[in-house]
């Protein structure tokens with residue numbers, strides 16, 4: 001058997017579409033199609049991933065017959081427990097049925113080999129007495145990568161002439177661990193940002209003007225310590241989250257949309273609830289601050305400001321968590337962002353959704369907005385530290401922040417004009 005026939009058999013026997021296999025390998029569906037039509041050949045690292053995934057040797061995959069080593073003569077079940085640590089898998093085959101990994105997403109295997117996405121199949125007889133047991137190094141690697149295929153073979157004495165196809169073949173599943181990764185990413189970002197704001201809120205309790213400790217030489221130290229601790233906790237969460245997400249997007253530049261309409265509706269409800277709760281928390285903090293100014297004798301104390309910032313921290317957590325939960329189900333947005341990142345780095349882009357012209361105008365918009373905000377930052381810093389000749393520096397310090405919102409408005413204008421220019425040029 002050729003590599004083309006072996007790959008078609010391995011994919012078809014596990015009832016996997018070309019798109020699902022492409023996601024596991026981190027390549028495009030077109031690449032799988034070219035491999036199976038012998039128009040292209042995979043690189044060595046992809047060959048090794050295929051060997052680990054299906055539990056076959058490199059010699060059998062390239063020039064041998066994988067039906068004896070991977071088919072095991074029976075219909076079984078292939079379970080994939082996927083996470084963000086890798087796409088390789090290990091295959092464990094035994095004479096008795098192996099219990100499926102709980103809580104995982106699986107493909108139901110069939111006896112149909114060489115099955116293409118167009119629905120064609122090539123039924124081949126397999127030897128029910130031939131089984132391959134892959135353990136040791138392969139199992140260790142599968143455990144390390146976090147993706148495991150457990151095959152539960154059964155003795156099959158049928159002649160392959162009438163094989164039922166009761167299992168749906170094109171059910172879209174989260175085979176790369178996208179959902180769990182995005183949930184973890186949202187928690188890290190939300191807690192990290194909230195921790196930074198909360199550190200400032202705790203520090204306000206010890207502000208020299210209204211410290212809860214009263215006049216004390218340690219107030220300044222406590223303010224600095226609380227602020228720095230909050231910043232360190234926040235950065236300790238934000239930096240690894242960003243690195244982890246970048247690595248996930250590099251390994252999985254394309255994810256097939258597996259969310260249902262009900263999932264997307266629930267995400268919209270979560271977003272609405274999160275925004276509402278956040279708004280209520282901010283208003284509650286403002287009410288506490290105003291009440292203390294008007295009716296409390298020690299309204300100048302630091303604790304009202306601390307309460308306000310604590311409410312803001314909780315509100316920001318609700319905003320980020322609900323917003324990222326809503327963005328999580330927008331898989332098309334993830335694919336576009338990953339595509340842009342891959343294009344910038346010069347890597348191949350699986351399933352391109354934008355033309356070169358669209359990518360150019362998106363880069364142009366980002367570049368113009370970046371220049372605008374950099375100029376706004378320069379102007380704001382000059383106003384903060386220098387002011388203008390012959391003017392009151394303190395007066396400029398009170399309005400030094402104005403260039404930033406102006407820059408944001410100008411970026412919005414650019415975002416409106418550039419698409420219009422693009423459409424005009426296309427006409």
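Note that Cβ sites are derived from N, Cα and C of the backbone, with glycine treated the same way.
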Among 132-165, 166-199, 200-233, 234-267, where does TrEMBL put the label region 'Disordered'?
132-165
Check each of the ranges 105-126, 303-324 against TrEMBL and return the one annotated as transmembrane segment.
303-324
The recorded stretch from 221-246, 267-291, 399-421 sharing the largest number of CB pairs under 8 A with the transmembrane segment (185-206) is 221-246
Looking only at the domain 'HTH cro/C1-type' (7-61), what is the mean pLDDT?
80
